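So that you can see what the record holds, here are the features copied from Swiss-Prot:
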TRANSMEM  30-50  transmembrane segment
TRANSMEM  56-76  transmembrane segment
TRANSMEM  106-126  transmembrane segment
TRANSMEM  132-152  transmembrane segment
TRANSMEM  162-182  transmembrane segment
TRANSMEM  186-206  transmembrane segment
TRANSMEM  249-269  transmembrane segment
TRANSMEM  289-309  transmembrane segment
Amino acid sequence: MNSNAAQTEQPMKHNGNRMTVKDFIILAKPGIIISNSLAALGGFWIAWIQSERTGGGPGIFAAMAVAMIGTALVMASSTVFNNFFDRGMDAKMARTRTRASVTGKIPPPVMILYGTCLGACGFIMLASLNVLTAVLGLLAFLLYAVVYTLWFKRHSVLSTFVGSFPGAAPPLIGYCALTGYIDMPAILLYAIMFLWQPPHFWAIGIRRKEEYRAAGIPLLPIIKGNRATKIKMLRYTAVLTAVSLLVPLYIDVSPFYTASALLLGAIWLYRSVKGFQAADDTQWSKGMFFYSIVYFSLLFLILMADSFINAVLRT
């Protein structure tokens, strides 16, 4: 790999258009923020159900909103700084070269100010809940915006693994926002999101392989090849399925959750195995990426609904 390819370059000149609200929203990567907010909601929800405070009143829902918004703002801040640092690499990729951060439509000083304001507001909100929640938010920010973005993404095939540590923080932050401590249910929620991320992002890596190669990003599909990546994806999916089946040991759910987790995991494992016979890796990886989103969304929704129904039936 060309070591100079990953270095930050001067972004392209902007086209003279004014900055818009839409530009700032896109800069914060709203798709990621929405998914992170929902994951934080899932963590808070499980903590609420586990604490048997289902009659907590408006205060609980206010805290839930603060946890979601605070997490969203901190993660948005980290993605803004990620876009700031990645301007040079993004200019080399077809799907990112028109971003306002690359064209110069949003100047670098404005990006820094924007990211700082988002982060400050988010940290204040998380700190208003408890110290642990704010610390977790800060660690997630530093790991993603600094450790992952500035070093591993540019220099190591381990970037996806390292990026999964801050990427899995939202449900943990949401859980601790209510409890103020980390226990086994919190660790399980974190582990599920952590193990979900590598196969999810490697599917993108296989599909966009040549774009990432042009940008000089040392992803696993580029360094080790598609087959080695598929083996890793299969392993992570197998471990994820096993971990998801540990949930009933620590969270009060019915056999419906267990059956659902087993079915969802089995489908993902089947699709992973089918990848070794795929005639078109790009098409296969597109399907894997889509299913990974379906898997995560359904697993968390079923977990939240099932635990709530169980709590209601206990009363």
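Placed from the backbone N, Cα and C atoms, the Cβ positions cover glycine too.
Across the candidate stretches 132-152, 162-182, 186-206, 249-269, 289-309, the maximum count of CB pairs under 8 A to the transmembrane segment (56-76) is reached by 162-182. Long-range contacts of the transmembrane segment (289-309) within its own chain (CB-CB distance under 8 A, at least 6 residues past either end) are made by residues 38-39, 42, 45-46, 49-50, 54, 192-193, 196, 199-200, 203-204, 207, 244, 247, 251-254, 256-257, 260-261, 264-265, 267-268, 271.
Taking every recorded stretch in 132-152, 186-206, 249-269 and counting its Cβ pairs under 8 Å to the transmembrane segment (106-126), the highest total belongs to 132-152. Long-range neighbours of the transmembrane segment (30-50) within the same chain, counting only residues 6 or more positions beyond its ends whose Cβ lies under 8 Å from a Cβ of the stretch, are 56, 60, 63-64, 67-69, 71-72, 75-76, 79, 170-179, 185-186, 189, 193, 251-252, 300, 303-304, 307-308, 310-311. Beyond its flanks by at least six residues, the transmembrane segment (186-206) meets 39, 42-43, 46-47, 160-161, 163-165, 167-172, 175-176, 179, 212, 219-222, 226, 229, 232-233, 236-237, 239-240, 243-244, 246-247, 250-251, 268, 272, 281-282, 284-286, 288-289, 292-293, 295-296, 299 of its own chain at Cβ-Cβ distances under 8 Å.
Within the chain carrying the transmembrane segment (249-269), a Cβ under 8 angstroms from the stretch's Cβ atoms is held by residues 46, 49-50, 184-185, 188, 199, 234, 237-238, 240-241, 291-292, 295, 298-299, 302-303, 306-307, 309-311, 314, all 6 or more beyond its ends.
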